[in-house]
Structure formats: C-alpha cells, structure tokens
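Accompanying notes for the structure given below.
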Amino acid sequence: MNCSISGEVPEDPVVSKKSGLLFEKRLIERHISDYGKCPITGEPLTADDIIPVKTGKIVKPRPVQAASIPGMLGMFQIEWDGLMLSNFALEQQLHTARQELSHALYQHDAACRVIARLKKERDEARGLLAQAERQIPMAATTAVGTTAVSNGKRVAEDEDMGPDGKKIRPGISHSVIETLTECNAGLSQQRKKRQIPATLAPVDAVARYTQLNSFPLHKTNKPGILSLDIHYAKDIIATGGVDSNAVVFDRPSGQIISTLSGHSKRVTSVKFAAEGELVVSGSADKTVRVWQSSENGNYDCRHVLKDHTAEVQAVTVHATNNYFVTASLDSTWCFYDLASGLCLTQVADSSESEGYTSAAFHPDGLILGTGTSGSLVKIWDVKSQANVAKFDGHVGSVTAISFSENGYFLATAAHDGVKLWDLRKLKNFRTFTPYDENTPTQSVEFDHSGSYLALGGSDIRVYQVASVKAEWNSIKTFPDLSGTGKATCLKFGPDATYIAVGSMDRNLRIFGLPGEDQMEG
C-alpha cells in the first residue's frame, strides 16, 4: 500500500479515521499543522483523527546502479571525477587571488613612494616660498625712501593719524569729482542711444546652452571658486579661490596665464581694470592687492593695501578705470586711486553695525550699491559719500549685487532669493525664490547688454529681462555639476555667448553652444 500524498510505500504508516486513507506519518502531520484538513478529501482533520498502522520493517530495494559491482564502480568514478574538478577549480581561484593580492601590494607600495616624494617636494617648495617672502619685504624696504610706498602700503612714519586714532584720508578732491561727473555725463548720453547689439546671443540659443568645458584652476586640498570676472576684449577670466590664489585664465586656448599668489586666506573678490593690465583682488586676510601684467605674461603684485580691519568681501572698479572701491566686514568701504594705491576716503555708516558683504558701481559711476550682513541694501552718492537710499526685505547676508546696463534695475541676492529693485521709484518690483529656505542664493548677475539675468545657488538659472510689469521668463536651468550644491559666482561672456560659473569645487565651468565653441577652438 502506498501513501496517498507521496505515492510511495510509507516507512511509518498511519490511517485516517474519517476517510480510511493511508499516509506517511511525517507528511500528514505537517499538512495538518499547516492546513488542518485532509489533503485528499478536504475534510477537517486533526492529529487525533489518525491511527498508526503496525507493519513489518520495510526494506527498500537498491537502485539499479548499486545492484552490481560494475555499477557501484561507475558511481564511485563519477563522484571521484566531480571531486577532482571541484578541487581544480578551487586551486585556480586560489592562484588568481594570489596574483591580485600581489598586484595590490605592489600598487600600494608604489603609491606610498609617490606620496612620500610629493610631501618632500611640497616641504621644499614651502621652504623656498617662506624664504622668498622674507627676502621681498627686505628688498622693497631697502629700495624705497621713507616717503615712498612700500608694497603698496605707506611707511608707518609717513601716515597722519587723527585725534580718534584713525588715519586721516585726503578725501575725494574736486578734480576727481569732475572726472567722475564727466564720465557719468558721457555714459548717460551713450545709454540714451544704446541699442541691443546684433551679435547678442538670442534667447533660443541661450535655451540650448550646455556645459562645454570644465577647467581645474585651483588646488584640490582647498577647493572652491568664490569670485570671477571676465575681460570682454581679451576674453580672459580671473577667478578667486579658497586656496588663497587668484588665477588669470585664457578661455579660448584653455590655458592658465598666471597664478596670483600672495594672499594668506581665501580670495573673496577679483576684478579686471585698465584694459586687463591690472587685477584687483580682495581677501579674507583683510588686504587688497593690485596686480600688474608684465612682459612675460605673469601678473606681479604692485600694491598691498591694508586699510581694512576685517575681511574684504567685495571689490568693484569704476567705469573710468582710474578708481575702485573695496567693501569689508569692518563696516566700511574705501575709495582708492588705482594708479597710486592710495585710499582717498574710508566711509563708515555710524548708524549701522553690520559689515559689508557685496558692492558694485552703477554703470554711470556716481552711485555705489552695497549689501550688508544685516540683510540691508544701501545706495551711496559717491561724490558726497552720503547714504541716499536703503532697501530692506531680504533674509540673511546680501551675497551679491548687480546693476543692469539700462541704469534702472538693481538685482540683489541673499539667503531668501533674488530681489529686483526699480531705482527710479526706489522699490522692489519682483522677487525670485528659486530654492527652499535652507538653500541660499549665492550669486546674481545681469549680462552686459541688460538683456539677461542669471542667478546661482544649488543650480544656475537664466531669465529674460523684461519691464517692471511684464513677466521675466525663465529661459534655462543648468544643474550644478560640481556636486557641491553651491554655484558661488557667475558671469556672462561677451554678448552672452557663454556663461562662466564657479562653484565650491576647484573647476571653472563654461556653458554655451557646442558648435560655436568648436569653431572658436
């Protein structure tokens, strides 16, 4: 008799009281515990309903292969062959593992030797740099007289101090004011006749921009590009980095022209001046440096200006290319003569204690805009150094400020997004809040024609500039390909043919049309 479940002769047979069917005990007990019913009839069934059947010991017949000596020898041969094949496969795996381990150990040893050599070269370079820095001030001090300028800083004995302990500044003279006024009149007259250049990149072209290049300009151990500027005529780009260096870069060739080393902390702002022959850089080391192009293409430090007592956050160059302004967290801004490096006036707003985090000249040059760490935007009359307007409404530090070429619009960026201000009515007429409350807007910039506006934060967004009442349409959103989530600075290239973007990695990224870039190359 066979089990009703397996169809084989049961070793421990039991019979159901209800159906009279025969089962293997272990099979029916498992089925009852799982389902509680007979597997054949489907009737309810419990363990009490089955009765063991006493039988004699069942001897299973041997398989056909084991019924003869040749069959058993064949079985043993098959098992032996399988064992040998398995052993051979294990030996091959062991040999491969030994080879991989030997190769990994060799690579590790080679890497250790390279690291040791690089550390030795780094230490030697640091020693040479320290020696050079010690020698340069000594040579400069010996070469100049007591009334000369040493490293762009007047000798201490030659500086006049006021009764309050502050330096006495010569002030902005009438001749300087006349120069500023004449420049303003000329630029204002040109603006009335201004037309959008025919070579400006059209909206549909900007909408098709994509990343063309990524250039690693700064050091890997301290990544981050905090500021950039473009000289349109030469198509060269200056960047300021967390690694305390500024870099002048030739975009068409993709080559670094010069690395400007001298600051001891991060470079927060860089600007071109004098047809690209000069670069002005501000740093968290509280100094401003003026760099001059030399015949060999490098930029050499011409002045080191130490008029601020806290981090210099912004540098902006006047349209005459003869003057520039620096803004600092010490709550002052300084107006400098570019040629001499002399601070003509240092302006402090006694009513506020917040430091300045951004600054920009109006295109006409008689108005200065500054942003503060206290969320305020302040507008200054450069001739009188008077604060003529204040804009509030932002949240967090005002990280960037940009005037439109039309002279009417001002864009400011802060933690809560970008605000657009109408300078004719002195009021906010539009606000962009592209990111959530935990993502600040790091940068904002009009293009040189005033046709496009770009802002940067966790991505880069480009808008088409319209009027106060018309909608400013979003043209393109570029992802932040640095992976840092912080597009810290950006600027349109000549005729908006490309957009240069700096992020908190060491790469400068260029966005534009691939076809045009290849033709230029």
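Note that the numbers count up from 1, one per residue, in the order the chain is shown.
Using the three backbone atoms N, Cα and C, a Cβ is placed for every residue, glycine included.
According to TrEMBL, the features are:
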- 1-70: domain 'U-box' (DOMAIN)
- 147-170: region 'Disordered' (REGION)
- 260-292: repeat 'WD' (REPEAT)
- 305-346: repeat 'WD' (REPEAT)
- 349-390: repeat 'WD' (REPEAT)
- 391-431: repeat 'WD' (REPEAT)
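Residue counts for the repeat 'WD' (305-346) by DSSP state, with H, G and I taken as helix and E and B as strand, are 0 helix, 24 strand, 18 coil. Outside the repeat 'WD' (305-346) by six or more residues, the chain places 149, 152-153, 166-167, 169-173, 176, 179-180, 183, 187, 265, 268-275, 278, 280-290, 352-361, 363-365, 368, 370, 373, 380, 382, 385 with a CB less than 8 A from a CB of the stretch. Residues of the repeat 'WD' (391-431) grouped by DSSP class, helix first, strand second and coil last, total 0 helix, 22 strand, 19 coil. The helix, strand and coil residue counts that DSSP assigns across the repeat 'WD' (260-292) are 0 helix, 20 strand, 13 coil.
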